[in-house]
Amino acid sequence: MAELNDYSTMIDILLSDMDLETVTTKKVRMALKEVYAIDVESQGKAINKLIRKHLDLVKERPRFERSLEDLLKENATLAIELTKEITVSKRSSGEEKNDSETKGTHVEKKKGTVSKSPISTRKVTLSKSLASLLGEHELTRTEVVRRLWAYIKAHNLQNPNNKKEILCDEKLELILGKSTNMFEMHKILASHMTEPKKISDCPPLIQEVRRKEKPIVSDSEQSDTKGI
């Protein structure tokens, strides 16, 4: 059971992005399978029990308080990132004003017309070493994990005697060190992913450059606009 408890942090992260009124243990289990790129069905009953335990804890308290309190115990760095994401998400979505709208959304989901992705689709900016390895500067956290596991499997970097241990090659060593395990890897990855900066967060010179990148309006278009 100690091995199963290593999934706790990721279960918390997944639940923080799910609709708690429609979430099922199967959704979380399938998300775990997708993130870790491993078969969790053989441990289905035990994992379901662990998921239900976390889900009960989540429903006892407000979502943002639960994620902060629990994740701080296991991964302070990741918890700080999640705090920033939660704050930005609440401000941009107007979470406090959408209670009535949420109920309507639940009705649509039961009809099968609307479904919420079980994993966050918010992209993050990758460090130079991680971007060089994965070939992208921005990806979702889930896609980072998926591509990294694809690389690990393609280059046979798992210890044959202990599949949880990863024996890094030269490229991967720049990111994870000489060796790591499948659970510690996700904590290390947190330091290689940051939220993309908005224009307002950039230095004045860069702000000016980005503003000048707006599409140029032709003279004819300008005259048409004035006529309107």
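The backbone N, Cα and C atoms fix where each Cβ goes, and this holds for glycine too.
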Practice item. Look up SER89, SER93, SER223 in Swiss-Prot and give me whichever carries the note phosphoserine. Key: SER223
Review point. Which candidate in SER115, SER120, SER218 appears in Swiss-Prot with the annotation phosphoserine?
Key: SER218
